[in-house]
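The next block holds one structure in the form of structure tokens; read it before the comments.
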């Protein structure tokens, strides 16, 4: 007992020293950094004005699909392989002939410049440093031309389905000139989703003060002031691709933001997709696929890949979770050579492994990288990717897989309720 008590001062001395240093402000070690993606989100929320934070964090109507995206990953459980040598693990993938160091790609997000002045420069820089793809939104803050010049590395370009070929063709040509390796056509946005949360917070494009958001401004003037400085220091609400093509007829940022949604025409059909296929020589993907029928029709149109996605729950509320739709899509495209990706609800390394086991080649993250951007700019996006990559590598060891290609349906338990029964009359023909 005496020996144990005698050791107590030696153990306590460093703790007492740390306590004194904290009391006098001399301790420079700081607190614990973000340990997971939810921590990054919390930091973004604490630092951000409610208006831009709500824009990226919100979803359509009752958030049912948004919640389902997250819940689906909890419903799928893992089946590890044991007695396997996993000392040498490799998280790289090959996608459209390019080897990527990560199965996590950065999804297109509109106007990240309202979150941080570095906008896509931070996102693309972090993605390329991590050896993965950055997807430039058609509604990006900086133009794809500037992003390609500033951030050498693999870029994809996302195209919104404007119904007029004269309107969308310039963007296909712009992506080609910038050297983008793939084109992603978003199919689930013929019109904007009903995002009531944005209405309640008073978020509009262009931003305006109103009764809905005046209380937030008065309660958190420091956050609001920081946001105003962010808008002034960077691209703000500007849309670089819109300005570069001149399709909306003006260079003014307010004009771009006002006219952008007016260009959406719910008339993007198979004919327009076929035109995009003729215009684009590289890999062509469609985003927003949630059923086997949609996947077959997309394949018949000549696409090279599909992204199983419900737009993060931001468009049609009531769609199935992306992960729940994935097995159905994977079965429909089995043996066709069509690449399958998934986005929606990725928060953990285990989420990535579950998606790959159920048929995805890779996953995309939208909100997480923008939370990192809002929290700390480029270092914040780096942190998001570092967290996911660390978790993936650890989880691969725990799962007993050396490469991501080793993953398959035998590595997961899927709820019986997810069983898919094909409709009696499933058509693979395309409507004119």
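We number each residue from 1, going along the chain as drawn.
Glycine residues also receive a Cβ, built from the backbone N, Cα and C atoms like all the rest.
Because the structure is a prediction, the values reported are computed rather than measured.
Listed features, source TrEMBL:
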DOMAIN    29-417  domain 'FMN hydroxy acid dehydrogenase'
BINDING   55, 160, 195, 311, 314  glyoxylate binding site
BINDING   108-110, 137, 158, 186, 287, 309, 343-347, 366-367  FMN binding site
ACT_SITE  311  active site, proton acceptor
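Feature annotations (TrEMBL) mapped to structure.
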{"residue": "55", "record": "glyoxylate binding site", "Cβ contacts under 8 Å, 6 or more apart": "114, 198, 203"}
{"residue": "108", "record": "FMN binding site", "Cβ contacts under 8 Å, 6 or more apart": "135, 136, 137, 138, 140, 156, 158, 184, 186, 366"}
{"residue": "110", "record": "FMN binding site", "Cβ contacts under 8 Å, 6 or more apart": "137, 138, 139, 140, 239"}
{"residue": "160", "record": "glyoxylate binding site", "Cβ contacts under 8 Å, 6 or more apart": "138, 139, 168, 186, 189, 263, 264"}
{"residue": "311", "record": "glyoxylate binding site", "Cβ contacts under 8 Å, 6 or more apart": "186, 188, 189, 193, 288, 344"}
{"residue": "314", "record": "glyoxylate binding site", "Cβ contacts under 8 Å, 6 or more apart": "58, 59, 60, 66, 193, 195"}
{"residue": "343", "record": "FMN binding site", "Cβ contacts under 8 Å, 6 or more apart": "107, 287, 307, 308, 309, 312, 322, 363, 364, 365, 366"}
{"residue": "345", "record": "FMN binding site", "Cβ contacts under 8 Å, 6 or more apart": "69, 70, 72, 73, 321, 322, 323, 351"}
{"residue": "347", "record": "FMN binding site", "Cβ contacts under 8 Å, 6 or more apart": "36, 37, 38, 70, 73, 368"}
So of 195, 287, 367, which of the binding-site residues has the fewest other Cβ atoms within 10 Å around its own Cβ? 195
Among all the protein chains here, how many other CB atoms are within 10 A of the CB of residue 158 (FMN binding site)? 27
For glyoxylate: widest Cα to Cα gap among 55, 160, 195, 311, 314 in Å: 19
